[in-house]
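Novice: I'd like to ask you about the structure that follows.
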């Protein structure tokens with residue numbers, strides 16, 4: 001069984017629960033309102049029921065035998081990068097991650113998001129479906145995007161409806177709007193329809 005450790009990273013406008021290994025590699029990240037820690041932990045625990053090969057421990061209560069000094073440095077470095085990313089200090093911050101959830105199609109969609117949607121860009125479910133050779137599968141693509149378990153790092157927030165409106169987001173459309181406003185800057189108003 002592999003041990004993972006979770007901690008919260010507070011941004012100026014929202015909170016992220018990050019689960020990572022002793023090398024600082026992220027396996028899970030969920031976003032939530034600033035006062036939603038308990039519900040975020042509950043959701044994470046529910047999600048990890050589907051991955052019994054992992055044991056997720058609170059970083060604050062982790063035994064010193066599980067996290068040594070070298071690991072502490074790596075974990076702290078990744079959490080600081082996450083803080084920089086969600087506070088919009090470094091929109092291009094590269095954070096190591098490993099996908100442990102998802103079907104082959106979901107992983108294909110997530111790879112597309114990571115590789116084809118850089119900071120400052122957006123796409124629609126329909127355009128992604130067309131690009132992946134599935135032109136009549138916008139809804140399936142939407143389900144794949146919504147199944148992402150590594151918020152912000154895998155940029156599911158950069159996918160909007162064909163109408164230009166912000167559509168569903170596992171962590172709430174207000175958080176999606178906040179992230180997009182900060183990533184797009186002055187382009188937000190001309191790109192997103194309310």
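Placed from the backbone N, Cα and C atoms, the Cβ positions cover glycine too.
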Novice: For the DNA site that Swiss-Prot lists with 125, 162, give the additional residue from the candidates 107, 139, 149.
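Specialist: Among 107, 139, 149, only 139 appears alongside 125, 162 as DNA-binding in Swiss-Prot.
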Novice: Other residues with Cβ within 8 Å of the Cβ centroid of 125, 139, 162 at the DNA site?
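Specialist: Everything else in range on the chain: 124, 126, 129, 138, 141, 142, 161.
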Novice: With DSSP assignments reduced to helix, strand and coil, which class does residue 139 (DNA binding site) get?
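Specialist: The three-state answer is helix.
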Novice: How far apart, in Å, are the two Cα atoms that lie farthest from each other among 125, 139, 162, the residues recorded as binding DNA?
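Specialist: Looking at 125, 139, 162 as a set, their Cα atoms extend up to 12 Å apart.
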Novice: Rounded to a whole angstrom, what is the C-alpha distance between residue 156 (active site, nucleophile) and residue 125 (DNA binding site)?
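Specialist: Counting only the Cα atoms, the answer is 10 Å.
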